[in-house]
Amino acid sequence: MEKGAGSPAPGGSYPQKNAEILSSQYGINLFLAGLLLTFAWAVHAVGISKSHLLSYLITLMLIQLLWMLWYLCRSCTQRRLIRDKDTHAGARWLKCGITLFAVITLILDSFKIGYYIDFSNCLSPTEGIFPVTHAVHTILQVYFLWCHAKDIIQSFKTLERFGVIHSVFTNLLLWTNGVLTESKHQLNEHKERLITLGFGNITIVLDDHAPQCNCTTTTLCSIFSQGIYYLYPFNIEYHILASTMLYVLWKNIGRKVEHHQQHKTPFKFHGITVGMIFGLIVLISTIAIVVVYLIQIGGSKIKSELALTMFYLHAIFVLALMCTAGIIALLIYRLEDRSLDNSKNPARKLDAELLVGTAAGSWLLSWGSILAIICAQAHPKYTWYNLPYSALVIIEKYIQNLFIIESIHREQEKVNDNIKTLRIVTISRGSTLSLSPSYKEIYNGRAAHDSGEVPCLFKGSLCGRENGGGGRAKGTASQESSAVRPSASDFSFHSRNSVTNNKRRILKNIAAFLFLCNLSLWIPPAFGCRPEYDNGLEEIVFGFEPWIIVVNLAMPFSIFYRMHSAASLFEVNCKT
């Protein structure tokens, strides 16, 4: 149980705990109401139109805008105050990532505005107001996260809990709306492809929400309508990243932190060439596979089967490489003896929970495919490749989750390789203590005495003695320089340090390789390359509607898992 900072009595934490419970319940009810409204629109419920859903989302965004403006104004008036910061929250690379997604989201909003203008005769005004409000909301929210994602709020805590949790669930509802809109588009394309694969026994009923009027400029309408669906994956990632960063801010309200300096860990390309090369090969080949897949699938039965076979073989090869890399990394960890950092850290805890929670989406789809292959009576040749693919998806995420979670919990090394190792030796002649150079300095010929400087270890003792000794001190220094030789312990330390550096280099290459592989595996489902839709075997075993519901529920989590894993692996690479 967290206590608010400066609580006068042990019981002072109870009001804050109650505020945390009340705000979380407020957010959940806000989300459930919006979720039911979204579901009602999706199934064409009587009396529920898209304008009702958009009006609800616009209202939530306006409330969040008012809260963010109030918070920014209050922070501006108190800018001279020293505030606690969570150094683990809101990393710079995470802010850069969410900014990139936000820029693409703004392009999506501009496409929606153009789409509304072209179909303004038969669209509700809310469909024009929504993208404008969403664009303003996006700009202010990104600015807010850049400036205040690390804040640990210690004033107006009850009010701020409601404001932050409102922002969290507003972004989750916007994410849900984006997922549903994109899924409906993918589903319509999927139904058309099934005909080419010979599954004519499945009823094809397109779920069309297209405007019931003609476009004023046909060319622009086509560009806007098609471009919107290619930009939705970035919008989806933007809102889920924003909600996670805001959730960490909510968890940090009233938290007491230990004031210790965190070492900055910038990303460096040095030493990860091998991992980057192999990762880029996987990335480029995946993009090529996706392009060919989208061209071939639905063209004819033979082309569709070849596209599915090509996808499965490529994915099996990539997943096998990722499993091997993950196992090697875990074996290296087993050989090392380094303690884990178990201190309280909301950002790190959320990362671990999201990894396991979102992986469940892929596991659900994989077990469904495995069960369908076992139970199906007829097995087209290409469906057999789905069996090792599904099994490797399960195994790879087991291994990768273990590697990432252990990596983010491992304590960083406190001694940097660039820092020269110093040791204190006793010179028997004259019993004078001196600070001798390390084996590295001796080997490279950069000992302190070469520059004419004698380091002072103990002011008033060693330095005073040397200053008082005159020529005797110089003679002692010259004797020291001739007496110091690299000992057996020095070479032993050098050997251990070399092994440690090699292990770190291997781990950094593995993290870089897995980072690019996860980005590669994010691309296919995000841009419509979804064999879970297209192979048709699961629809026969489970039924079309039940399997489509499972895919639509699980696929967003599977897509988010890859992007979140890539972000976590980037952090691992910086930390290693």
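From the backbone N, Cα and C atoms, a Cβ is placed for every residue, glycine too.
Feature annotation from TrEMBL assigns transmembrane segment to 26-47 (among others).
Away from its own ends, the transmembrane segment (53-72) comes close to residues 30, 33-34, 37-38, 41, 124, 126-127, 129-130, 133-134, 136-137, 140-141, 144, 147-148, 160, 163, 166-167, 170, 173-174, 177 of its chain (Cβ-Cβ under 8 Å, at least six residues beyond either end). What TrEMBL lists as transmembrane segment is 53-72 (among others).
Residues or ranges marked as transmembrane segment in TrEMBL: 93-117 (among others). For the transmembrane segment (93-117), same-chain residues at least 6 beyond its ends with a Cβ under 8 Å from one of its own Cβ atoms are 123, 127-128, 130-132, 134-135, 138-139, 141-142, 145-146, 149, 216, 220-221, 224-225, 227-228, 231-232, 234-235, 237-238, 241-242, 245, 267, 567, 570-571, 574.
For the transmembrane segment (129-146), the list of distant contacts is 54, 57-58, 61-62, 64-65, 68-69, 71-72, 90, 95, 98-99, 102, 105-106, 108-110, 112-113, 116, 167, 174, 238, 242, 245-246: same-chain residues at least six beyond its ends, Cβ to Cβ under 8 Å. Residues annotated as transmembrane segment in TrEMBL: 129-146 (among others).
Residues or ranges marked as transmembrane segment by TrEMBL: 229-250 (among others). Among residues of the same chain six or more beyond the transmembrane segment (229-250), those with a C-beta under 8 A of the stretch's C-beta atoms are 23, 86, 89-90, 94, 97-98, 100-102, 104-105, 107-108, 111, 138, 141, 145, 148-149, 151, 153, 161, 164-165, 167-169, 171-172, 174-175, 178-179, 181-182, 185, 346-347, 350, 354, 526-527, 556, 559-560, 563.
Only residues 6 or more beyond the boundaries of the transmembrane segment (271-295), in the same chain, are considered here, and those with a CB under 8 A from a CB of the stretch are 307, 310-311, 314, 318, 321, 505, 508-517, 519-521, 523-524, 527-529, 573. According to TrEMBL, the transmembrane segment annotation covers 271-295 (among others).
Annotation source TrEMBL lists transmembrane segment at 311-333 (among others).
Annotation source TrEMBL lists transmembrane segment at 354-379 (among others).
Sequence annotations record features per position, and here TrEMBL assigns transmembrane segment to 506-528 (among others). Nonlocal intrachain contacts for the transmembrane segment (506-528), taken as residues 6+ away from its ends with a CB within less than 8 angstroms of a stretch CB, comprise 186, 189, 230, 233, 271-276, 278-280, 282-283, 286-287, 289-290, 293-294, 311, 315, 318, 321-322, 325-326, 328-329, 332, 400, 403, 407, 555, 558-559, 562-563, 565-566, 569-570, 572-573, 576.
For 540-561 (among others), the entry in TrEMBL reads transmembrane segment.
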Practice prompt. Please give the sequence-distant neighbours of the transmembrane segment (311-333): residues at least 6 beyond its ends with Cβ less than 8 Å from one of its Cβ atoms.
Written response: 278, 282, 285-286, 289, 293, 382, 385-386, 388-389, 392-393, 395-396, 399-400, 402-403, 406, 410, 503, 506-507, 510-511, 513-514, 517, 520-521, 524, 529, 531
Practice prompt. Sort out the residues at least 6 away from either end of the transmembrane segment (354-379), same chain, that have Cβ-Cβ distances under 8 Å to it, and list them.
Written response: 244, 386-387, 389-391, 393-394, 397, 401, 404-405, 532, 537-538, 540-542, 547, 550-551, 553-558, 560-561, 564-565, 568
